[in-house]
Amino acid sequence: MVRTPCCKAELGLKKGAWTPEEDQKLLSYLNRHGEGGWRTLPEKAGLKRCGKSCRLRWANYLRPDIKRGEFTEDEERSIISLHALHGNKWSAIARGLPGRTDNEIKNYWNTHIKKRLIKKGIDPVTHKGITSGTDKSENLPEKQNVNLTTSDHDLDNDKAKKNNKNFGLSSASFLNKVANRFGKRINQSVLSEIIGSGGPLASTSHTTNTTTTSVSVDSESVKSTSSSFAPTSNLLCHGTVATTPVSSNFDVDGNVNLTCSSSTFSDSSVNNPLMYCDNFVGNNNVDDEDTIGFSTFLNDEDFMMLEESCVENTAFMKELTRFLHEDENDVVDVTPVYERQDLFDEIDNYFG
């Protein structure tokens, strides 16, 4: 429910300062009837004022027990202590000071006591020293500096760990690059020998196999086709590599017999794929203990087990750098496919 207003706007109520005649009418009515009934009091007392205005005029000015004059030191101390306890509840503070009104206490607090506390360095709201707050703010940068130092230390540790990881990754990628270049040269050399010899790779020094292909052709229909071969298990083993050139014979019935007889050849690059690096070792004026040659230090198994200590060797790194620089400009000539189409058919049968 909404409380009805104490005064009606259409009555033409008077506002502003009170006149002595109005004060006299209010005093005479309250002395006869006492306090209370403020909503109907103006009409009964013959005043064109609001009931609230009559109440405040009586409580703050016309009441006989109101204490006039300046506030004493005891009253100021009481106001400060009560304000610390109740805050801005002026009516509660006024009950602790007989003869003083809440409005008077509020005005005196805002115009005198509050400014005096601020000059003394006391917060008028919390009634605590203002310097305590500044001390806390001064302590904050020290804590922040400690946190910054610890974070910088952690960053240094993280950078050191990242550098170690990057070093390991760079070493691994470097060795993989070398291995890929060696494998590329070996594969190109073997493929060139296969194409040049006229047949696929068939045997090594460890095992020699003969590949025979028999094809029977009839003028009307194809009777039978059979082939058998045994490829080598390792293309890069140390030893002599054998190939099988193709020979063809025709019999009386029109059958074609294709026989691949084995022939051997030796490839220096296959027997020792790292031999071409020995020239660098011979040209360097370095002691035998500090010199690491690719042909003596690395082979098919040792290269994969190359340790990180080899990367740190200065002579080894110089030798390896020259090798890679030369390898970038090296071009291996390979016979075009269209010139060896018939031989590539045999290679496809072999690798298929």
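Each residue, glycine too, has its Cβ placed from N, Cα and C.
Residues or ranges marked as domain 'HTH myb-type 1' by Swiss-Prot on the basis of sequence analysis: 10-62. What Swiss-Prot lists as DNA-binding region is 38-62, 90-113. Feature annotation from Swiss-Prot assigns domain 'HTH myb-type 2' to 63-117; the stated evidence is sequence analysis. According to Swiss-Prot, the feature region 'Disordered' maps to 128-157, 198-219. Per Swiss-Prot, the feature compositional bias 'Low complexity' maps to 203-219.
Within the same chain, residues 6-7, 11-15, 18, 22-23, 25-30, 101, 103-104 sit at least 6 positions outside the DNA-binding region (38-62) and bring their C-beta atoms closer than 8 Å to a C-beta of that stretch. Over the DNA-binding region (90-113), the average per-residue pLDDT in this prediction is 91.
Taking H, G and I as helix, E and B as strand and the rest as coil, DSSP gives the DNA-binding region (90-113) the counts 18 helix, 0 strand, 6 coil. Across the range of the domain 'HTH myb-type 1' (10-62), the DSSP-based residue counts are 33 helix, 0 strand, 20 coil.
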